[in-house]
Amino acid sequence: MLLLEGNHSTGATFTLLGFSEYPDLQIPLFLLFLTVYTVTVVGNLGMIMIIRVSPQLHTPMYFFLSHLSFVDFCYSTTVTPKLLENLVVEDRTISFIGCIVQFLLACIFAVSETFMLAVMAYDRFVAVCNPLLYKAVMSQKLCASLVAGPYSWGIVSSLTLAYFLLTLSFCGSNVINNFVCEHSVIVSVSCSDTYISQVLCFAIAMFNEVSSLVIILTTYIFIFVTVIKMPSAGGRQKAFSTCASHLTAITIFHGTVLFLYCVPNSKNSWLIIKVGSLFYTVVIPMLNPLIYSLRNKDVKESVRKLINHSMQFCQRCAFSKEI
């Protein structure tokens, strides 16, 4: 409270430019992103519901998948509604506190997803390399701890970064050339020394990316070696199929992150950064439930059963009304 009262920047406002440089595309982009957000909400909440109501999906793998869907839903909901609003209204301002809150929530869910994918890699490692001990190793207590870890670290790292952002001062034109309050664009409009905040953000981002990739690569090296040693082709195919959806999600997520790290810091790169950020914050949360539902036989079978049960229930209701 003392920090907020002493920092005059809490009354500042920012302007999110978004895609305002393309006025003719505002309505088409609004309809496109609205469709993407609708698919994201329906897909992720639908995945959570299917996993909860289907007994055959009450396994550690789908427990982690339900939390991944929850993180994707929250991440998209933190960013997309403001993006949609800025596409249809002329006033694209956001308060300092509103910008910090958006950054804080987006950072929590981005970090949580980074390590949730690593947790899911460990789950696949145990399932493939130690199938007989899978249920014993992946106990409910361990699964709960593995899920609590990404959320806890996401909260800690995000609060740390947000604290240092609150110490910055802002004066003059606070125009943010993006559609979301990211750390880099917030410090870019500050008129105070941002060295500590930038170094800390870089250190946390590098730790998150490197450590999660080390976990993922290590587990998949063991998985690959184990699968290669399997005597039957059918066993190898089944083992690879259980990892295919997760590998696809990892490739898209970390591929986008690494691409954004590689974009040169120049004026001409702002459009590339915005498109990359758009894919990272809006598109990927939509893709994950599609990847896991389209490539997963258990999920598709559960959906068919739910549809059949719903149709039978509706037929019974219609029959009872006729009587």
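Backbone N, Cα and C atoms are what each Cβ position is placed from, and that goes for glycine too.
Here the structure is a predicted model, which means the values were calculated and not measured.
Listed in TrEMBL for this protein:
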TRANSMEM  27-50  transmembrane segment
DOMAIN    43-292  domain 'G-protein coupled receptors family 1 profile'
TRANSMEM  62-81  transmembrane segment
TRANSMEM  93-122  transmembrane segment
TRANSMEM  142-166  transmembrane segment
TRANSMEM  210-228  transmembrane segment
TRANSMEM  240-261  transmembrane segment
TRANSMEM  273-294  transmembrane segment
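Within the same chain, residues 114-115, 117-118, 121-122, 124-125, 128-129, 236, 239-240, 243, 247, 250, 254 sit at least 6 positions outside the transmembrane segment (210-228) and bring their C-beta atoms closer than 8 Å to a C-beta of that stretch. Remote same-chain residues near the transmembrane segment (27-50) are listed as 19, 57, 65-66, 69-70, 72-73, 76-77, 80-81, 83-84, 87-88, 282-283, 285-286, 288-290, 292-293, 299, 302-303, 306 (criterion: CB distance under 8 Å, separation of at least six residues from the stretch ends). Averaged across the domain 'G-protein coupled receptors family 1 profile' (43-292), pLDDT for the predicted model comes to 89.
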